Amino acid sequence: MSKKRLHEIAKEIGKTSKEVVEQAQSLGLPVKSHASSVEENDATRIVESFSSSKTKAPTNSVQTNQGVKTESKTVETKQGLSDDKPSTQPVAKPKPQSRNFKAEREARAKAEAEKRQHNGDHRKNNRHNDTRSDDRRHQGQKRSNGNRNDNRQGQQNNRNKNDGRYADHKQKPQTRPQQPAGNRIDFKARAAALKAEQNAEYSRHSEQRFREEQEAKRQAAKEQELAKAAALKAQEEAQKAKEKLASKPVAKVKEIVNKVAATPSQTADSRRKKQTRSDKSRQFSNENEDGQKQTKNKKNWNNQNQVRNQRNSNWNHNKKNKKGKTNGAPKPVTERKFHELPKEFEYTEGMTVAEIAKRIKREPAEIVKKLFMMGVMATQNQSLDGDTIELLMVDYGIEAHAKVEVDEADIERFFADEDYLNPDNLTERPPVVTIMGHVDHGKTTLLDTLRNSRVATGEAGGITQHIGAYQIEEAGKKITFLDTPGHAAFTSMRARGASVTDITILIVAADDGVMPQTVEAINHSKAAGVPIIVAINKIDKPGANPERVISELAEHGVISTAWGGESEFVEISAKFGKNIQELLETVLLVAEMEELKADADVRAIGTVIEARLDKGKGAVATLLVQQGTLNVQDPIVVGNTFGRVRAMTNDLGRRVKVAGPSTPVSITGLNEAPMAGDHFAVYADEKAARAAGEERAKRALLKQRQNTQRVSLENLFDTLKAGEVKSVNVIIKADVQGSVEALAASLLKIDVEGVKVNVVHSAVGAINESDVTLAEASNAVIIGFNVRPTPQARQQADADDVEIRQHSIIYKVIEEVEEAMKGKLDPEYQEKILGEAIIRETFKVSKVGTIGGFMVINGKVTRDSSVRVIRDGVVIFDGKLASLKHYKDDVKEVGNAQEGGLMIENYNDLKEDDTIEAYIMEEIKRK
């Protein structure tokens with residue numbers, strides 16, 4: 001059974017949807033709104049309920065009532081025609097009676113049919129008469145289509161005109177019976193108006209689509225002409241290229257040229273022959289000028305959804321066009337351009353076939369085929385080695401060369417690359433002077449005199465612990481001085497000082513002469529190729545002998561210019577400032593002869609002089625700028641770390657923003673403290689600096705892991721033997737990185753047989769809680785050099801029983817660690833004979849054992865001594881005494897020529913005349 005919606009039932013019986021919904025709900029039907037559906041029998045019940053709810057009147061009464069209404073209307077009409085005055089007679093209102101809806105619907109339908117027929121004839125006449133001009137035809141069409149227009153005023157005008165015409169001829173047809181006054185909705189009229197509006201809208205859209213199709217056809221024709229012209233031009237160019245390459249033995253190029261010349265026109269023609277389904281289905285040739293179809297399939301355009309779906313339908317699913325858009329003419333196929341092969345090809349190891357094809361502008365399939373002919377099986381995503389790439393390029397006739405890749409993480413390339421500096425921008429720079437010499441020969445005193453400060457008095461034990469970089473000005477020119485330690489432990493720091501210096505001042509005490517560190521400084525300077533200026537210090541002291549110093553230095557290859565050598569000698573007294581001016585003039589003279597120059601326009605490069613950790617500032621590094629200019633906020637890579645220059649201070653502690661060549665500065669902003677002697681370089685941006693720093697740190701870690709010794713069959717015995725060696729674990733914390741290195745190197749050089757030093761951890765900064773935790777876990781001793789533990793670290797060390805040793809002089813640390821190493825060894829014992837006794841008689845006691853009566857013949861016998869039982873010159877037993885008595889008393893010892901009794905633990909086989917030898921094991925102190 002079919003179903004009906006409530007709004008359709010309301011439309012049929014002339015009721016509102018709300019009334020129908022309420023009536024259906026009162027009948028017990030499960031409906032919610034006017035869109036709810038009911039069965040056909042339920043729909044009949046609803047209609048009958050409306051009919052039965054009102055009192056039915058007889059048919060004749062209805063007819064009589066209709067007759068009265070018609071008659072009254074006729075009378076009123078006649079009165080209106082004959083007399084314009086309003087009637088004074090009161091009109092009686094008809095009593096409300098039951099309505100016959102079926103009769104009313106039939107009457108309305110009949111009236112509408114007659115009206116449509118009459119208006120249709122009138123429309124035909126108007127259309128025939130108004131085809132002479134466009135404007136008049138438009139007006140006639142507007143009048144003829146009045147019944148389709150949703151303009152109720154126009155319908156009323158047509159109705160009034162028809163009424164007047166029929167009134168003149170006295171042939172007015174019977175009108176439908178007058179209905180009682182009320183605002184009823186004329187659904188038929190509204191449906192007719194909606195149909196008219198839809199038809200008009202479709203007509204407008206049809207005309208617009210027709211015009212668009214015509215424009216698209218004209219555009220397609222124009223594009224076809226352009227495509228033909230382009231194809232002819234491409235054929236001519238291909239023919240020229242073919243003639244140009246005819247002399248070259250490249251078969252594949254000929255095939256490609258022929259394909260390119262023959263392909264475009266055929267492809268374009270075949271594609272143009274295709275017609276879309278929408279063009280086939282819509283034949284606009286059958287439409288008239290107004291865009292309305294005269295024949296073919298007439299679809300029911302009254303359904304609004306059908307109209308919308310027809311407008312927005314997409315019949316050709318193969319075309320990726322948007323809905324509602326007509327498919328234009330297909331685009332002509334552009335022909336493939338022919339590209340010349342490059343003359344040179346720069347490749348990198350591991351390039352894929354697809355990358356090579358893109359670079360030389362060839363198809364990957366072509367390269368795969370060539371490789372197959374060469375005996376190499378490859379796909380377009382497969383990597384090729386350098387030899388294969390070169391063979392492939394030879395086959396194409398291209399010169400191939402490998403690309404030189406620059407390692408961005410390599411800082412050393414800036415120092416080795418001569419092209420890094422611009423020769424036109426080289427200017428004179430201040431010399432970098434390093435002061436070297438033996439301990440207490442006056443290096444820091446000389447530097448102190450030069451700077452007019454009292455730094456030297458603050459050195460612990462008279463030893464400079466780390467490099468100091470200072471800059472002074474003499475005769476309008478600047479000189480940079482580096483002060484290096486003289487102790488033997490600081491060999492690496494002296495070597496670093498020689499590597500970054502331009503001139504070496506070798507200071508030798510006139511009363512002390514050449515010492516081991518003096519010779520070492522000479523060797524460092526010669527290895528670096530640095531000129532040496534000898535300053536003979538302490539000439540004011542009694543016993544000073546400069547001539548002896550000159551002769552001793554000549555034995556080591558440092559010859560004075562007075563003796564025909566190359567080294568300048570100046571006799572000074574650093575304490576009293578004697579001949580200091582002459583020494584500075586000599587430095588400037590040697591610097592002028594060396595022609596020291598630098599390029600201040602490049603990005604800065606240089607060397608780390610010293611590095612430390614500051615509690616408030618973090619990592620602080622003392623840098624010596626060798627080339628370029630260092631600015632604040634420059635991204636920088638220092639050793640295996642990176643950062644941005646947050647702040648710069650000079651040797652006087654003042655903030656500076658720019659540091660030129662040969663300028664020492666201290667910077668902050670690094671993520672961790674670098675190693676002294678590391679090189680640094682400024683990068684273009686922070687991203688590049690970060691990448692280079694992280695890569696260098698990764699390489700350093702990998703190198704450290706590679707240096708780890710692994711156990712193998714060859715070194716298995718050595719490893720087991722090394723496990724027997726005892727070790728002293730130490731944790732080193734110092735104020736500067738150079739002191740950390742020197743202290744660690746010195747401790748590792750301590751030679752105590754059977755014991756070695758194991759540096760568990762070494763760093764710059766104060767002793768903190770993590771150091772104490774590490775020392776507890778590794779059973780290590782913490783050595784603090786010029787640093788103090790934090791209060792929290794000290795409390796934790798006391799609680800965990802961790803030993804912290806604090807020092808300020810390096811040789812004190814070495815002595816203390818050496819003592820600890822000696823105490824770590826197992827003690828050595830030496831046997832000491834106390835005395836001898838002879839067994840005179842034996843006594844066997846049950847449940848006790850054998851008691852030997854003895855007499856001491858030499859030395860003494862003690863209670864805690866060990867004894868040997870010797871019989872006939874052979875040791876029978878070696879053990880401990882269980883008891884020792886003199887007569888009946890227990891005694892600790894029995895002296896010479898005395899008698900006593902003894903028992904030996906776990907031994908009862910004593911016999912007369914056995915010799916008892918008493919001895920102890922005495923510890924020997926290591927030297």
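Glycine is treated like the rest: Cβ placed from N, Cα and C.
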According to Swiss-Prot, which of these ranges is region 'G4': 425-428, 537-540, 821-824, 877-880?
537-540
Looking at 15-18, 483-486, 703-706, which one does Swiss-Prot call region 'G3'?
483-486
Based on DSSP, name the secondary structure state of LYS443 (GTP binding site): helix, strand or coil.
helix
So if I draw a 10 Å sphere around the Cβ of ASP440 (GTP binding site), how many other Cβ atoms end up inside it?
18
Under DSSP, is GLY437 (GTP binding site) part of a helix or a strand, or is it coil?
strand
Over the region 'G2' (462-466), what does the predicted model average in pLDDT?
43
Can you count the other CB atoms that lie within 10 A of the CB of GLY437 (GTP binding site)?
26
Return the residues near ILE539 (GTP binding site), defined as same-chain residues 6+ apart in sequence whose C-beta is under 8 angstroms from its C-beta, sorted by sequence, else 'none'.
ALA510, PRO546, GLU571, ILE572, SER573, LYS578
